[in-house]
Amino acid sequence: MTIPYPAIQPTPAIAAVSPPSGAPRPRVTFLGTGYLGATYAICYAELGYEVLGFDVDADKIAMLNAGQVPIHEPGLDELLKRNLAAGRLRFSTDIAETAEFGDVHFICVGTPQRAGGMGADLSYVEASVTSLAQHLTRKSLIVGKSTVPVGTAEWVEQLVGKHTPGDLGVEVAWSPEFLQEGFAVDDVLRPNRIVVGVKSEWANGMLYAAHKGVFDLAATEDREVPLVVTDFATAELVKVAANAFLATKISFINAMAEVCEASGGDVTQLARAIGYDPRIGNRFLQAGLGFGGACLPKDIRAFQARAQELGAGEALRFLHEVDLINLRRRTRVLQLAADLLGRRSGPAGPDFSGTRIAVLGATFKPNTDDVRDAPALAVAALLQKAGADVHVYDPQGTENARRAVPELTYESGINEAVTGADLVCVLTEWADFRNADPVALGELVAGRKVVDGRNCLDSALWTQAGWEYRGMGRP
Ligand code: UGA
């Protein structure tokens, strides 16, 4: 269904503003067409906006213009094709064209962990804002979406002031995003909140107009999307605080898993039982191999680094523990593997020479092809380093995994990966793995031993099929 964009009807609290391009509703651009920018560009076209996506990567832009999504994200393919065909969406490597087109420019470039440090690398933000600012010829709004250290919006404002020709009155705002890979389309079209950090009524009005499609869709579905209008610093902090909270929740339950391992408890039942308390809630309490991806791990580190710079390092010291608990889960899989294979651990950890191990899963979670800081791939590499012959299968992540860790053997299916294996490690909870038949797989392996790194298998079923089963934080 294509959602027509209704006429702007400002709420009494937010003044109506006219897009500087003269278009009836703001034309929007997204700078950076990675997981974030590509998804936003496509979904905003679906909401009825005229959209231009910009990237310096010509191959990516060519793919997008040809109707191919460069990432695996459920639902995105169809929306891309439909909106290209409707003429509302296009992609370009031309920054002058991008500057000319947009009323609202969203900065969606990556902010990876700085090489050799914990802080965020802002070089892509700097490059995209600088080149955009240098090409602007009329008033517009530059909105940061990338996850950044608090204080970045003020710095971006200074950059814009330095590089904008003449007195165009270009303004800056910050509006963090909360999309989760695998659910990104719905998270953009139906967000659970919108947060904007603004300094002027004009910026507030322009951002409201640039989000009106989201509010209107919600109204047609009898929902409301809460809007939080705040200052720059709070808007920037909301994002890292949310990710820090989620990471803490995961590490909390993984810490409980460690205590269960020491005491004979079962963390899956413990999580269920505490999750019934609505003050705690049952989401993000899945104990296992811990969190990975391009966001939570680097965000909690950058948050600590920034707090330290601000003299508030002590307030976030617990995030260091959150990180350590998370990383300990990876070595726990090696311990369980050594235990099942009867390998003793020396000072350098267990030695798996002469064993063949099947690793099912390479991505940091299911329904994505993203292997950035993926616990599954990290464990596969550790097993290989410890001497095992590791055969990996992932339904979507193989190409990215092969590029990141070429020394592993990649297989084309579950059966190929497990054939002849002395041990199977399930490290990403893809539905294909959860629903795999342990009886059939038992016929292919050399040894029926399984580590369930995500507590996603039916342990009773696997045990009945003759498998020695080890979960995370379970007896
Ligand atoms: C995360 C946040 O959830 C998004 O709200 C945020 O917008 C995004 O980062 C971002 O900063 O851009 P994402 O990285 O896609 O989203 O992944 P999550 O669904 O949060 O999962 C992160 C990791 O935690 C995965 O490796 C997952 O397997 C793990 N996890 C999650 C657990 O180990 N246990 C759980 O209970 C939940």
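Cβ coordinates are placed from backbone N, Cα and C, and glycine is handled just like the others.
Note: TrEMBL annotation is automatic and uncurated.
Copied from TrEMBL, the annotated features are:
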- Cys295: active site, nucleophile (ACT_SITE)
- Asp55, Lys60, Thr111, Thr147, Glu181, Lys298, Arg372: NAD(+) binding site (BINDING)
- Phe178, Leu179, Gln180, Glu181, Lys239, Phe284, Leu285, Gln286, Ala287, Gly288, Gly292, Lys365: substrate binding site (BINDING)
- 358-459: domain 'UDP-glucose/GDP-mannose dehydrogenase C-terminal' (DOMAIN)
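In the three-state DSSP reading, Lys239 (substrate binding site) counts as helix. Counting other Cβ atoms within 10 Å of each Cβ, the binding-site residues Thr111, Thr147, Gln180 show the lowest value at Gln180. Model confidence over the domain 'UDP-glucose/GDP-mannose dehydrogenase C-terminal' (358-459) stands at 98, taken as the mean pLDDT rounded to a whole number.
Among the binding-site residues Phe178, Gln180, Glu181, Arg372, the residues whose Cβ sits under 6 Å from any atom of ligand 1 are Phe178, Gln180, Glu181. Within 10 Å (C-alpha to C-alpha) of Lys239 (substrate binding site) lie the following binding-site residues from Lys60, Thr147, Glu181: Thr147. Remark: of the binding-site residues Leu285, Ala287, the most isolated position is Leu285 (fewest other Cβ atoms within 10 Å of its Cβ).
Rounded to a whole number, the distance between the Cα atoms of Thr147 (NAD(+) binding site) and Phe178 (substrate binding site) is 10 Å.
Of all the recorded positions listed here (Asp55, Lys60, Thr147, Cys295, Lys298), Cys295 has the Cα closest to the Cα of Gln180 (substrate binding site). Near the residue listed as 'active site, nucleophile', with the C-alpha within 10 Å of its C-alpha, lie none of the binding-site residues Asp55, Lys60, Ala287.
Here the candidates are the binding-site residues Leu285, Ala287, Gly292, and by Cα distance the one nearest Asp55 (NAD(+) binding site) turns out to be Gly292. Closest to Thr147 (NAD(+) binding site) by Cα-Cα distance, out of the binding-site residues Leu285, Ala287, Gly292, is Gly292. Non-local neighbourhood of Gly292 (substrate binding site): Phe364, Lys365, Arg372, Asp373, Ala374, Pro375, Ala376, Ala378, each in the same chain, at least six residues away, with C-beta under 8 Å from its C-beta. Here Leu285 (substrate binding site) is compared against the binding-site residues Lys60, Glu181, Lys298, and the shortest C-alpha distance is to Glu181.
According to DSSP, the domain 'UDP-glucose/GDP-mannose dehydrogenase C-terminal' (358-459) comprises 35 helix, 18 strand, 49 coil.
Taking a C-beta cut-off of under 8 angstroms and a sequence separation of 6 or more, Lys60 (NAD(+) binding site) has the following same-chain neighbours: Thr33, Pro70. Taking Cβ-Cβ distances under 8 Å and a sequence separation of 6 or more, the neighbours of Glu181 (NAD(+) binding site) in its chain are Tyr35, Glu73, Gly293, Lys365, Asn367, Thr368, Asp370.
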